[in-house]
Amino acid sequence: MSDDSRPSPSGARTAAVIPAAGRGVRLGPGAPKALRALNGTPMLIHAVRAMAASRAVSLVVVVAPPDGTAEVKSLLDAHALPERTDFVVVPGGESRQESVKLGLDALPPGIDIVLVHDAARPLVPVDTVDAVIEAVRDGAPAVVPALPLADTVKQVEPAAVPGEPEPVVATPERARLRAVQTPQGFDRDTLVRAHETVTDNVTDDASMVEQLGARVVVVPGHEEAFKVTRPLDLVLAEAVLARRRLNDGF
């Protein structure tokens, strides 16, 4: 599905912004999460390649730790990346929200669609990336890939002390819930307006667009687009890569 020969009505150009300034405390001490090795290659490189695998993506902006821009530039230079895609590294901010804004500020004129992708989701398949782009091209101002939930979810009253029992206050209807992934796709003007307008701390960019009152739609996500947050996730990611190598020489 990565054939970009299909013209969009506006000839829209697409860029991806990858905020990679987080420290990844839950993975333990050491390098920032995005720079942790996965099958011998930093997760960030896997994530960059995942975005560049889409022929629709002409530019990838990596938002590095404020004190790690040179290191990330060297990292990109040291790994094989598609020549048809441009790559830029800019310093990030104190929060993910600020880092995404700095990535947006680095985009040149002529970019109409922006993907925002977590560096900690290194294995998202190209078909998922293309599906998000296609939905934005079709007119949705904001698009998120997501999966139905397998587990029942309980809404609770958070305990005052971590580890204490938490009272359940509601059980949302599972059929109406989705677990959201990335890349999230946006009409550029809509996302810029969201970052200029919304000052609340949010967990993803689609939430900012929701606060504008703009439409956000969901497209099917993929099981391999999971977030590598804990040590067990690294084990699963290694297994996915091993299966890919076995199946198609990835």
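These residue numbers are counts, starting from 1, taken along the chain as shown.
Heads up, the Cβ atoms here are built off N, Cα and C, so glycines get one too.
Per Swiss-Prot, the feature site 'Transition state stabilizer' maps to R26 (among others); the stated evidence is sequence analysis.
Feature annotation from Swiss-Prot assigns site 'Transition state stabilizer' to K33 (among others); the stated evidence is sequence analysis.
In sequence order, P148, L149, D151, T152, V153 are the residues near R174 (site 'Positions MEP for the nucleophilic attack'), counting only same-chain partners six or more apart with C-beta under 8 A. What Swiss-Prot records for R174 (among others) is site 'Positions MEP for the nucleophilic attack'.
Annotation source Swiss-Prot lists site 'Positions MEP for the nucleophilic attack' at K227 (among others), citing sequence analysis. Classification of K227 (site 'Positions MEP for the nucleophilic attack') by DSSP places it in coil, neither helical nor stranded. Of all Cβ atoms in the shown protein chains, 16 besides its own fall within 10 Å of the Cβ of K227 (site 'Positions MEP for the nucleophilic attack').
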